[in-house]
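First the structure, in the form of structure tokens, and then the observations on it.
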Amino acid sequence: MGENAASKNYQNYQVFDVSIDVLPQNGSKCFDDDGRLKRTGTLWTASAHIITAVIGSGVLSLAWAIAQLGWIAGPAVMFLFSFVTYYTSSLLTDCYRTGDPDTGKRNYTYMDAVQSILGGVKVSLCGLVQYIGIFGIAIGYTIASSISMMAIKRSNCFHESGGQNPCHVSSNPYMIIFGITEILLSQIPDFDQLWWLSIVAAVMSFTYSTIGLGLGIGKVAANGTFKGSLTGISIETVTETEKIWRSFQALGAIAFAYSYSVILIEIQDTIKSPPAESKTMKKAAKISVLVTTTFYMLCGCMGYAAFGDQAPGNLLTGFGFYNPYWLIDIANVAIVIHLVGAYQVFCQPLFAFIEKWANQKWPENYFITKEFKIPVPGCRPYKLNLFRLVWRTIFVLLTTVISMLLPFFQRCCRNSRCTWFLASDSLLFRWRCTLYRRRYQNGAQDGSASRC
């Protein structure tokens, strides 16, 4: 009885139960060599997944990064990181199969590859780092999406008021909207079914990157010259300590802009074969890194040429550009849509890990294993799993609540003096906003500061 139940559960949850040995279905049109349903991913779907993961809204901060390093070191560092990313990605793709690259045992996840190659306590350590990182990325994307949504609201507000209204906006409603959207999309069962969302997100990343590039070109044309210097922001503008600190921040921003290794193996597991998955994945990595580096160079360099040392931290939400306001709105909408897709791409490995563990821990539990078929007009029935519904909903709610509790900062300059103020409607730090407002009001009354 228990064996029959376990067998039935494996059939229903073959995407998660990766530890059970099955007989290979050699020559089958429906199954791969590991007994799973045929993978359908291609070079282009893998490239879309990578581009979705790599080209984030961080591309819009590269102008600031180059401003810290200058015309020589900035592009050079970007090329260096692109080469390192491609080289390490090529090495990691060879870890998908143990032994023969065509017929060796598959490693379905990053942790499986660590288990196969390193083993021992290193598996737990690497898994902990990977999944904590994914959790942090989910929080970061929630905050970033709310910033773009607030930028849309503020852009329209500035346009309507002629720049007279400071247009303070609470971030909490926008985080809630983003969270509700992610709850719905999180019910997509596995990575292989995310291909359409990744393609949409990749198109959106090109959209806002192109808009940022176009605005930069327009600004340079209006200025009639290229701004910036060979060594970046000068010591006269900032102190020597600030120059060093900002340079390290710039290196971190560029390095982070290329990061997607934590989900590379999971992306590779969606690719069909023959040819060997490693060959397809290396091509996808080459295409993706080439495309992203081209966009990074264009957006970063044109942004720096447009603003020089005054390049904002984000060309579209930092209000480096104000007009045309409708184009800024389109770009920020594209950022939000991209982050919606990127959230799912990054979180799928964590979703799969928890659900696989639960299936192995309680293989006969009705709540965890039972699937309900829900008819969908024009499509195959959707398989609803109660555990997946509850656990993924709790995860999204948790990341949303934490995002609402965490403050994030923007810079407020008054004449020659600058200070930091809380830009979010943080539940824990709202009292600080009150203190800052009182300080700003006192400053405005004695004439020592102008309005933010």
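Using the three backbone atoms N, Cα and C, a Cβ is placed for every residue, glycine included.
Whatever TrEMBL says is automated annotation, not expert-curated.
The feature domain 'Amino acid transporter transmembrane' is assigned by TrEMBL to 40-410.
Here TrEMBL flags 43-62 (among others) as transmembrane segment. Taking Cβ pairs closer than 8 Å, the transmembrane segment (43-62) reaches residues 78, 144, 148, 194-195, 198-199, 201-202, 205-206, 208-209, 212, 253-254, 256-260, 263-264, 267-268, 270-271, 280-281, 283-285, 287-289, 291-292, 295-296, 299-300, 303, 313-317, 335, 338-339, 341-342, 345-346 in its own chain, all 6 or more past its ends.
If you look up TrEMBL, you'll see 69-88 (among others) marked as transmembrane segment. Away from its own ends, the transmembrane segment (69-88) comes close to residues 62, 228-232, 247, 250-251, 254-255, 257-258, 261, 285-286, 289, 292-293, 296-297, 300-301, 304 of its chain (Cβ-Cβ under 8 Å, at least six residues beyond either end).
Under the heading transmembrane segment, TrEMBL lists 128-152 (among others).
According to TrEMBL, the feature transmembrane segment maps to 194-217 (among others). If one looks beyond the transmembrane segment (194-217) by at least 6 residues along the same chain, the residues whose Cβ comes under 8 Å of a Cβ in the stretch are 41, 45, 47-49, 51-52, 55-57, 59-60, 63, 185, 188, 270, 295, 298-299, 302-303, 305-306, 315-316, 321, 327-328, 330-332, 334-335, 337-338, 340-342, 344-345, 348.
If you look up TrEMBL, you'll see 287-306 (among others) marked as transmembrane segment.
According to TrEMBL, the transmembrane segment annotation covers 326-346 (among others). Sequence-distant contacts of the transmembrane segment (326-346) (same chain, six or more residues past either end, CB-CB distance under 8 Å): 49, 52-53, 55-57, 60, 134, 137-138, 141-142, 144-145, 148-149, 151-152, 155-156, 178, 181-182, 185-186, 188, 191, 194, 197-198, 200-202, 204-205, 207-208, 211-212, 215, 262-263, 316-317.
Taken from TrEMBL, the feature transmembrane segment applies to 389-409 (among others).
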